[in-house]
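First up is the structure itself, then whatever we jot down about it.
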Number of protein chains: 2
Amino acid sequence: MTSAAAADPTVGELSEAEVLAAVLAQLGPSAAELGPGDDAAVIAMPDGRVVATTDTLVHGPDFRLAWSSALELGWKSAAVNLADVAAMGARPVALLVALAMPDRTRLSFAVDLARGLRDACDTLAPGCRVEGGDLTASDTLTIAVTALGSLDGRAPVTRAGARPGDVVAIAGDLGRAARGLDVLFERFRDAAGTPVAVDPSLLCDDERAALRAQLRPAPPILLGVAAAAAGAKAMMDVSDGLLLDARRLAAASGVTLALRADTLGDDPDLALRGGEDHALLAVFPAGAALPEGFRVVGDVIAGGADRVLVDGTAPSGRGGWDPYRDWDAARG
Amino acid sequence: MTSAAAADPTVGELSEAEVLAAVLAQLGPSAAELGPGDDAAVIAMPDGRVVATTDTLVHGPDFRLAWSSALELGWKSAAVNLADVAAMGARPVALLVALAMPDRTRLSFAVDLARGLRDACDTLAPGCRVEGGDLTASDTLTIAVTALGSLDGRAPVTRAGARPGDVVAIAGDLGRAARGLDVLFERFRDAAGTPVAVDPSLLCDDERAALRAQLRPAPPILLGVAAAAAGAKAMMDVSDGLLLDARRLAAASGVTLALRADTLGDDPDLALRGGEDHALLAVFPAGAALPEGFRVVGDVIAGGADRVLVDGTAPSGRGGWDPYRDWDAARG
């Protein structure tokens, strides 16, 4: 064993308690009535309801270790779950993290991942903390996060409240995370197609921003509560591409969303079909003052044969992101 | 493709929506304010606090597919999480399930797993439901469950409240699940050590009961609330063996637990060291009327050099279950 390896053992060389202690040291003080260390955490939910969601990142379908650092993986696994809480109009208050790691994983990897989780919470949803979790051995690195949120007395903002005459708005990026994935697949694989480490010096500013949106997304978490307070009637997290997710919201509400291509940026097709942005799609009453950060992208009309129209025409295709289909089977 | 395979496609042959629909059909009606289908669930927490815990079953370290049916895996993944909620003195109200499956997994497997989750809830914690989840592709079958519970106005029962003079009690089996694991390893592997299917006709009643405790455990979930109501001062789920877990409770409380071997059944050593029983270890004030189902196993004394004594002597060894160490690396 080299001295570097001795200073950074694998988790398989340590006891669960030793790995846990190193991870907990990154998480900062608990903000809960009872934080990590007992059979379960106890977390305040002032209005007597809890908003709860879970989402998992799996090595292979969801990320490649040649492209994502442990810090980025921790950050992203928090961010995508915080976005689902925000999309209900709720304030994220706690994460629970089930981390399954191969025995060969370095302790420093687990520590950096924990720091990424905390950094994302501190930056995107101040006050939210990792309040519980689970460590397991697995052949496949898997990060299963559960996020809990508080509605603080407001009604949840579901997908079903949109009505004809409402306006459709977006907060956050569209298409940028997909552009980042394209950069990775096109520029950072070797001749055999295997992912290789990213060299940022090869990228222009725009490409670096796209990569960051893919690897370390910063969805507008605080705008979820702001939208609810401003009267949002329906809302959802755009994780699978605007076209597919807008169809879901429209179907749940029994309406059609009429979008305008000139509001969708330089590349409307990428904005419609690119996944993983975690923007907020929200529907407001006509005339509502939109919170800063939202932009109008269309109107709600009576439900027709097509759930989404762009400039009056139904876009072709399924129009979304599918983890089973849109990653190849390579590992890295 | 045979007609049997056509009638039972793999999840890789289906869309996420198709798998989800089949799984949801097994879960029964939601008991939540907002159940599966939106970005997050909304679940009532009458007293303004939520108890939250997560625990994961991973193919390999935690189960073998030759030994566990999908129904048993669903059941066990629910039961072990319900036990952690019960150990806080809380009433389980909802599960969130992140299920990561290889593409080759049959749809019927996912459906049976969902039915096992529901059956465990209906049997062990009536009123608790799967209210949310996540489906992902993975090379390694992984079931990450989060359980949420309500304290209904009571204080949480932590590990830290035991004091000298209190009595130590247990509800549920000790050592039986470990005995079941021994039966599997000793009787149901081929010459190469690979797990093979269980033939119940080869087993006596006692062995069948042990197998059931390992594969389909039935911890006394409802006794968690009963213990809290009866004044339990400290409590925990015995998942890693009584000796190791009792040491944890004693350390958290700053006391020593003095246990009596004659209360630990026919095989006290197995009762002390065998993991995965998910019995409840609880500490009550002297003279308290214990809820039916609890039996006294010792007393709390002032904290000494040893956190646990059995008949006045400190048992040797670490005395517990470690998933990193106690399963071999074989798959099946």
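FYI, residue positions are counted from 1 along the chain as it appears here.
Just so it is clear, glycine is given a Cβ too, placed from its N, Cα and C backbone atoms.
Note that TrEMBL annotation is computational and uncurated.
What TrEMBL records for this protein:
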type    : residues                               : note
DOMAIN  : A:37-150                               : domain 'PurM-like N-terminal'
BINDING : A:Asp39, A:Thr53, A:Asp84              : Mg(2+) 4 binding site
BINDING : A:Asp39, A:Asp84, A:Asp237             : Mg(2+) 3 binding site
BINDING : A:Thr54, A:Asp55, A:Asp134             : Mg(2+) 1 binding site
BINDING : A:Asp55, A:Asp84                       : Mg(2+) 2 binding site
BINDING : A:Asp62, A:Glu276, A:Trp321            : substrate binding site
BINDING : A:Gly133, A:Asp134, A:Arg159, A:Ser239 : ATP binding site
BINDING : A:Asp240                               : Mg(2+) 5 binding site
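When Cβ neighbours within 10 Å are tallied across all protein chains shown, the highest count among the binding-site residues A:Asp39, A:Asp62, A:Asp240 belongs to A:Asp39. Spatially close to A:Thr53 (Mg(2+) 4 binding site) yet at least six residues away along the chain are A:Asn81, A:Asp84, A:Val85, A:Thr146, A:Ala147, judged by Cβ distances under 8 angstroms.
The two recorded residues, A:Ser239 (ATP binding site) and A:Asp39 (Mg(2+) 4 binding site), have Cα atoms 33 Å apart. Recorded residues A:Asp134 (Mg(2+) 1 binding site) and A:Arg159 (ATP binding site) have their alpha carbons 32 Å apart, per Cα-Cα distance. All chains included, 26 other C-beta atoms sit within 10 angstroms of the C-beta of A:Gly133 (ATP binding site). Secondary structure at A:Asp237 (Mg(2+) 3 binding site), taken from DSSP and collapsed to helix, strand or coil, is strand. Sequence-distant neighbours of A:Arg159 (ATP binding site): residues of the same chain at least 6 apart with a C-beta under 8 Å from its C-beta are A:Ala234, A:Met235, A:Met236, A:Arg248, A:Leu249, A:Ala252, A:Ser253. Taking a C-beta cut-off of under 8 angstroms and a sequence separation of 6 or more, A:Thr54 (Mg(2+) 1 binding site) has the following same-chain neighbours: A:Asn81, A:Ala144, A:Val145, A:Thr146, A:Ala147. Across the structure, A:Asp39 (Mg(2+) 4 binding site) and A:Gly133 (ATP binding site) place their CA atoms 10 angstrom apart. DSSP gives A:Thr53 (Mg(2+) 4 binding site) a strand state. Filtering of the binding-site residues A:Asp62, A:Gly133, A:Asp237, A:Ser239, A:Glu276 by Cβ separation from chain B (threshold: under 8 Å) yields A:Asp62, A:Gly133, A:Asp237, ordered along the sequence. A:Asp134 (Mg(2+) 1 binding site) falls within a strand when secondary structure is assigned with DSSP. For A:Glu276 (substrate binding site), the number of other Cβ atoms no farther than 10 Å from its own Cβ, over all displayed protein chains, is 24.
Cβ neighbour density within 10 Å is lowest for A:Asp134 among the binding-site residues A:Asp55, A:Asp84, A:Asp134, A:Asp237.
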